[in-house]
Amino acid sequence: MKRLQSLISCLPSYKNESNENPLIKDLHMDSREVSEGSLFFCISGFTVDGHDFADQAANSGAAAIIAERELKYINIPVIIVRSSKRAMALISACFYDYPTNKLQLIGVTGTNGKTTTTHLIEKILLDNNRKPGIIGTMYMKYDGKEIPVQNTTPESLVLQKGFSEMAKSGVDTVAMEVSSHALEMGRVHGTDFDVAVFTNLSQDHLDYHGTMERYAHAKGLLFAQLGNGYGEGKQPVAVINIDDPYFNEIEIMTAAPIITFGIKKNADIRAEHVSINEQGTSFTMTMGNQSVPVTMKLTGTFSVYNALAAAAACYASDVPLESIAKSLETLEGVSGRFERVEINQPFHIIVDYAHTPDSLENVLNTIKEFAKGKISVVVGCGGDRDKTKRPIMANIAEKLSDYVYLTSDNPRTEDPIEILKQMEEGMEGSNYTVIESRRDAIFEAVRRAERDEIILIAGKGHETYQTIGTVNHHFDDRLVAKDAVEECRKWEQEKE
Ligand SMILES: CC(=O)N[C@H]1[C@@H](OP(=O)(O)OP(=O)(O)OC[C@H]2O[C@@H](n3ccc(=O)[nH]c3=O)[C@H](O)[C@@H]2O)O[C@H](CO)[C@@H](O)[C@@H]1O[C@H](C)C(=O)N[C@@H](C)C(=O)N[C@H](CCC(=O)O)C(=O)O
Ligand SMILES: Nc1ncnc2c1ncn2[C@@H]1O[C@H](COP(=O)(O)OP(=O)(O)OP(=O)(O)O)[C@@H](O)[C@H]1O
Ligand SMILES: N[C@H](CCC[C@H](N)C(=O)O)C(=O)O
Ligand SMILES: [Mg+2]
């Protein structure tokens, strides 16, 4: 708890016409959650304007309000700022006593591989007797708890509270995903990163960023803020994929020392003698004159990149290279990423979170390397998201497989049939079918599967819901695939 005046004194500028100095007990940006003594932030959102809920917040006991314009008929202090979101980030950090100064914080950004890399980092740290926390697409996780999150990178007040709880429970290092949306909207403003990791950049989120240049710039903001307001005696480090075409755009954004990683170019941490098979990958991880062999169960060249990114981040966080290699060897995999569904069926099912052109291409190319039979793909594209990736993803699925089932992902508020039509524009031949219901598409793919075929079910990975309209329905690709195999078995037995 802090007094209002002390909280607003952390802002670079504000207008306050009240002399009151109430005790602030909590921070809220949703009027429906406001309780007695809260500070309410009016955020002008994409759907509604939080300023319209100021009176509701005041009626629910808010002690003061932060807004971007004067508000009429409100009889609690209203502090005017230029950006409520940025002010919220700075005040949240202050309210929770700057928790990121007390933690080693590793931020991971890039189009693909963030969730995977943060989990690799978590594994390495756990094996090295550290107490890691994770924040990302799947959850906020620490001390045996998994707390659901609404966004990959939560809003600043959720984030700072999370850091604070983590620090209190003894977490020493946090690996978090930092999305381009969060960077652009200032959700991580006021957060003190020790290590910033760039995995890669390829097409996604053009609905939001407009162009690849703007998208790259947003990712670069993580590197621009690296070392700002830095805790004494600590040195920030940037970990950057040197093989990525956007390396220069990212590297130029920071004054911090850089550790590069890669396979093709001369990187600081690099993988040599890379060998990939169905069971996983093996390579030699080299840094300076140190070389360690690595064998891991994650497969595909993209997994080697994720391993190198995690290795470099952990190395920058004082974990020796040999320990890193050992931890990578015993990692089982990350939920919904290249996850196999095997219940003794004579073909294979892989569930993967590929929901961008690049990730789909990577996963299918990996599958092609060891496929003994046909490859089929069940794939859709999310609604209310980048429309331009839809035909591209469909085309990649067609080019790199034998048969495609175009289906729904999370249609959200869009018409699923319209999304499918846009995907279909990318198809050149006729080896595909359109089945709107994802469940029916998975069942059809399983029903038609031949011996040794590999069915890739792409796009939803670990998700346990499907968002149709604004409603989340329970849906888990892995469970539906199992149901399909079992149902097909029953049909076969009935036929005999
Ligand atoms: C486009 C976007 O980022 N939207 C985020 C935004 O929602 P919004 O602007 O629609 O909010 P709004 O409904 O207009 O509400 C505006 C304000 O009024 C308040 N309000 C609203 C109603 C009410 O009765 N009272 C009230 O006070 C709201 O709490 C809010 O403060 O603010 C919400 C609350 O924090 C976010 O959860 C929401 O993320 C949505 C779910 C989302 O899908 N975001 C995506 C685009 C995103 O951010 N994705 C990245 C990951 C990308 C990647 O994987 O690379 C992420 O970090 O999650
Ligand atoms: N380094 C990589 N390069 C390209 N594709 C990758 C890489 N790592 C993972 N992928 C693919 O991307 C999918 C998503 O991986 P992951 O969840 O780790 O990414 P993410 O960056 O966290 O995604 P999101 O933006 O949804 O949070 C994986 O299922 C895999 O298909
Ligand atoms: N973080 C990603 C998740 C996409 C997952 C996919 N299943 C979809 O719904 O499009 C996004 O917001 O674009
Ligand atoms: Mg993620």
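Cβ from N, Cα, C; glycine included.
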Return the residue out of R385, R439, R489 that TrEMBL annotates for the same meso-2,6-diaminopimelate site as D409, N410, P411, R412, G459, E463.
R385
Filtering G113, R385, R412, G459 (binding-site residues) by proximity to ligand 3: which pass a Cβ cutoff of under 6 Å to any of its atoms?
R385, G459
Are there any residues at least 6 positions away along the chain from G110 (ATP binding site) with a Cβ closer than 8 Å to its Cβ? List them or say none.
V197, F198, T199, N200, L201, K219, N241
What number of additional C-beta atoms lies within 10 angstroms of the C-beta atom of T116 (ATP binding site)?
25
Additional residues around meso-2,6-diaminopimelate, ordered along the sequence, whose Cβ is within 8 Å of the centroid of R385, D409, N410, P411, R412, G459, E463:
H355, G380, C381, G382, G383, S408, K460, Q466, T467
Local backbone state of T115 (ATP binding site), from DSSP in three classes:
helix
Could you pull the average pLDDT for the domain 'Mur ligase N-terminal catalytic' (26-87)?
97
